[in-house]
Amino acid sequence: MHHPGPPRFVATGDEVELAPRDPDPTATYTWRLTQAPAQSTVSLGDDPVEHFVPDAPGRYVVRLTAPDGEHDLTVRAFPGTLESSGTHTSGRSGGHSGGVSGGRSGPGRSGSGEYTQAGDGSDGGGGGQPRLTLRPDIEGDEAVVRADCSPHPEGTETAADLAVEFLLDDRDDVDADAVTRDGTALRIPLDALPERARIHAVAVGNHGYSVPDAVEFTRGGDGVETVTSGAGVAARRPYDAPAWAEDSVIYEIYVRTFAGERDESPFDAITDRLDYLDSLGVDAIWLTPVLQNDHAPHGYNITDFFEIASDLGTRADYERFIEAAHDRGFKVLFDLVCNHSARTHPYFESAVEGPDADYREWYEWRSDTEPETYFEWEHIANFNFDHLPVRRHLLDAVAQWADLVDGFRCDMAWAVPNGFWREIHDYCKDRDSEFLLLDETIPYIPDFQAGLFDMHFDSTTYAALRQVGGGGDAEAILGAIEGRAEIGFPEHASFMLYAENHDETRYIVDYGREAAEAAAGALFTLPGAPLLYAGQEFGQRGRRDDLAWDHADETLQSFVSDLASARHDQPALSADADLVRIPYEVRDGPSDRVVAYARTTENDAAVVVLNFGSEPTTVGLPAGTDGTDLVSGEYRGAAGDGDATVTVDSVSVFPADENDLRQ
């Protein structure tokens with residue numbers, strides 16, 4: 001179906017990309033407005049991909065005429081004085097919830113995020129964006145959606161000050177007259193439910209509106225969160241990350257150097273190390289790009305989106321690796337590059353010949369011979385997503401690789417139109433609701449939670465870890481985590497935590513062994529899925545060099561494995577556990593090199609102490625904290641002054657009584 005997707009929530013002045021889904025490049029697609037606020041003067045052009053900018057608050061309905069019929073899309077525009085969570089981001093995808101890519105500066109690369117004190121994303125503390133999570137249920141003969149609203153953490157509003165605006169999905173045949181709304185709840189009689197019904201909403205305050213959320217009801221479906229009724233209706237939350245992903249230990253492999261000095265094909269080398277990765281505690285494996293490219297070792301300059309790189313092997317070799325990984329219970333992530341191709345791609349080599357050349361419209365251009373790109377990268381050229389053949393080509397590639405793997409790590413996600421990611425999200429989720437979409441966006445963008453991606457690179461915590469490693473106050477990492485809510489991420493958002501990757505200098509090189517251990521401890525004990533970059537676990541010093549397997553630091557290796565075990569074994573360290581600030585006293589060593597915090601669930605609690613300093617530290621913790629370290633298994637208690645006193649080298653996790661933590 002060519003329908004352009006879910007309704008959009010935007011502010012006036014925001015740009016909405018209008019594009020047919022599953023496009024046929026040879027077909028005709030036209031757009032027209034069928035409803036707009038009385039004061040609006042906006043109009044649409046004649047292109048198959050249009051860029052629509054609401055100019056007045058209110059509701060718009062845009063109609064697409066396509067080969068399979070007519071499709072309506074609702075766009076709800078709020079006054080431009082209201083801010084969405086995208087307002088304080090920069091770069092190509094920094095618009096609001098319905099926004100499209102725009103601008104040319106782009107966010108930074110993986111390591112260029114700069115940590116600032118949490119709260120800087122608000123409007124000064126008086127308002128800011130609220131947050132929203134929708135809860136679906138079946139009550140008697142009704143499908144019910146309840147909205148849990150939270151005001152901005154630093155704002156003056158309360159939950160009672162917030163309104164909720166619901167929109168039915170234009171793709172579903174729901175009788176609007178049968179729907180009732182009661183404050184923060186929406187109800188649909190079960191006998192009025194079609195085969196599929198999707199409901200979208202935002203929370204609206206005096207200063208902003210939230211990241212949209214959605215729920216879905218299906219008849220006879222297999223939703224992730226299912227409630228059974230006599231009518232056989234299933235309910236799910238389509239914007240949640242897959243359950244397997246939230247607590248996965250993700251392992252990034254730089255494909256061409258993983259084997260080290262062994263004379264072995266890359267896929268065979270990785271397969272041979274699967275038992276090692278299992279013993280390390282890894283759950284998911286992310287390979288850097290494996291497609292045919294311009295021979296740059298990183299693989300991000302693609303020359304064929306449908307073929308495995310010849311220096312890595314064949315498609316059959318790749319599939320054998322995936323099968324072996326799946327047999328051992330690993331998930332496999334494919335590094336998906338959509339923003340650009342290499343300049344040695346045959347289509348670009350044709351396009352650059354002149355303004356009338358074949359494939360000229362496939363790319364964006366600065367001049368007759370110079371394509372658009374970012375950061376003056378000279379080996380790539382940005383695709384033109386207004387050209388339907390580009391979208392078709394990339395969607396076909398997505399379909400080919402999605403059938404093999406368990407998720408996509410989406411390269412330069414900020415540089416690709418939001419609407420295109422929404423289409424990929426819906427395509428992947430419709431075929432497998434447990435498929436993962438992980439975005440590389442620096443800095444992260446809260447609106448990307450709204451049906452674009454399931455999990456986000458936590459570049460803010462990354463930057464805080466780097467600042468702490470360089471001598472900053474260790475409590476900065478708590479501010480970084482709390483900052484997620486303060487810039488608008490809802491409570492159901494998921495994150496990937498990292499201290500290094502293929503774009504960054506190794507943490508151990510910049511800050512030393514002790515700080516590297518503490519940073520690893522942060523990854524495994526803070527809310528989010530921890531990422532290990534291959535070699536990080538044994539002290540590899542080169543960023544993209546051959547892995548020095550024969551010189552691995554086995555003590556560090558064992559330490560990281562113990563961290564992974566603690567993460568898997570302790571419910572209080574799970575992604576869903578609360579992060580709680582606690583009182584603590586550093587009694588030996590520099591106090592700003594140490595941070596302590598608690599993780600709690602309804603039935604479990606643990607206290608974490610991280611020491612970024614070069615010497616062991618003694619710390620006083622709340623009474624009720626057990627001195628047995630859940631990472632090492634050693635008793636770390638020491639004589640104290642009536643509280644729990646412990647000695648910590650770099651990382652320790654202690655069982656605790658939640659009732660004592662908040663006193």
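Quick reminder: no glycine exception, Cβ is built from N, Cα and C everywhere.
If you check Swiss-Prot, you get these features:
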- Asp411: active site, nucleophile (ACT_SITE)
- Glu440: active site, proton donor (ACT_SITE)
- 92-111: compositional bias 'Gly residues' (COMPBIAS)
- 1-28: region 'Disordered' (REGION)
- 80-135: region 'Disordered' (REGION)
- Asp503: site 'Transition state stabilizer' (SITE)
* To do: Quick one: pull the CA-CA distance for Asp411 (active site, nucleophile) versus Glu440 (active site, proton donor), whole Å only.
  => 6
* Identify, among the recorded positions Asp411, Glu440, Asp503, the residue whose Cβ has the fewest other Cβ atoms within 10 Å in this structure. => Asp503
* Taking just the CA atoms, what is the gap between Asp503 (site 'Transition state stabilizer') and the residue listed as 'active site, proton donor' in Å? -> 12
* What counts of helix, strand and coil residues does DSSP assign across the region 'Disordered' (1-28)? -> 0 helix, 7 strand, 21 coil
* **Conformational class of the residue listed as 'active site, nucleophile' under the three-state DSSP mapping** => coil
